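What Swiss-Prot says about this protein:
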type	residues	note
DISULFID	CYS20-CYS53	disulfide bond
DISULFID	CYS29-CYS48	disulfide bond
DISULFID	CYS33-CYS44	disulfide bond
DISULFID	CYS37-CYS73	disulfide bond
DISULFID	CYS55-CYS67	disulfide bond
DISULFID	CYS80-CYS114	disulfide bond
DISULFID	CYS89-CYS109	disulfide bond
DISULFID	CYS93-CYS105	disulfide bond
DISULFID	CYS97-CYS133	disulfide bond
DISULFID	CYS116-CYS127	disulfide bond
DOMAIN	20-73	domain 'TIL 1'
DOMAIN	80-133	domain 'TIL 2'
CARBOHYD	ASN83	N-linked glycosylation site
SIGNAL	1-16	signal peptide
Amino acid sequence: MRILVIITCIVAVATATKTCEANEELVSCHNTCEPQCGYTPKACTEQCIMNTCDCKDGFVRNSLGKCVEVSECTKETTKCPENETFFGCGTACEATCEKPNPTVCTKQCIVNVCQCSKGFVRHGLRCIDKKDCPK
């Protein structure tokens, strides 16, 4: 009898319907590169986490785990990668190793984005110290 109760509990937990939070939807295969406040991970593993809640289209996940519109991202709810800083209005012409001082640039505001911190430049997916750029 005890084993039957345990098996019933295991089956109930395994087949339970997951409830998603506001602005989320249940997906059969979760994308581990889910867009977040400030950035979308570009280097991530390809794996499928089944029956998980993803942010609905048009929403991103903040550092508190909530799905919000990009306009709702703030410095406090955004966790930027190493050597990056949150900008409410970032540049469309971020400095890179190849172009450390971009001169020709359209005036665009990239809203609520993580970009390289002062003294760092973009090199591939990361921000590195200017002096560490390949020669």
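Every residue, even glycine, has its Cβ placed from backbone N, Cα and C.
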Using a Cβ cut-off under 8 Å and a sequence separation of 6 or more, which residues in the same chain sit near CYS89 (disulfide bond)?
CYS109, ILE110, VAL111
Candidate nearest CYS116 (disulfide bond) in space, where candidates are the recorded positions CYS20, CYS48, ASN83, CYS93 and distance is Cα-Cα:
ASN83
For the domain 'TIL 1' (20-73), what are the DSSP-based totals of helix, strand and coil residues?
3 helix, 23 strand, 28 coil
Cα separation, CYS55 (disulfide bond) to CYS114 (disulfide bond) (Å, whole number):
19
Using a 10 Å cut-off between Cα atoms, which of these disulfide-bonded residues sit near CYS53 (disulfide bond): CYS29, CYS37, CYS73, CYS80, CYS127?
CYS29
Among CYS53, CYS73, CYS80, CYS116, CYS127 [disulfide-bonded residues], residue with fewest other Cβ within 10 Å:
CYS53
Tally of DSSP helical, extended and coil residues in the domain 'TIL 2' (80-133):
3 helix, 23 strand, 28 coil
What residues, ordered by sequence, lie under 8 A Cβ-to-Cβ from CYS37 (disulfide bond) and sit at least six positions away in the same chain?
VAL60, ARG61, ASN62, SER63, VAL68, VAL70, CYS73, THR74, THR77, THR78, LYS79, ASN112
For a quick check of understanding: among the disulfide-bonded residues CYS29, CYS67, CYS93, CYS133, which residue's Cβ has the most other Cβ atoms within 10 Å?
CYS67
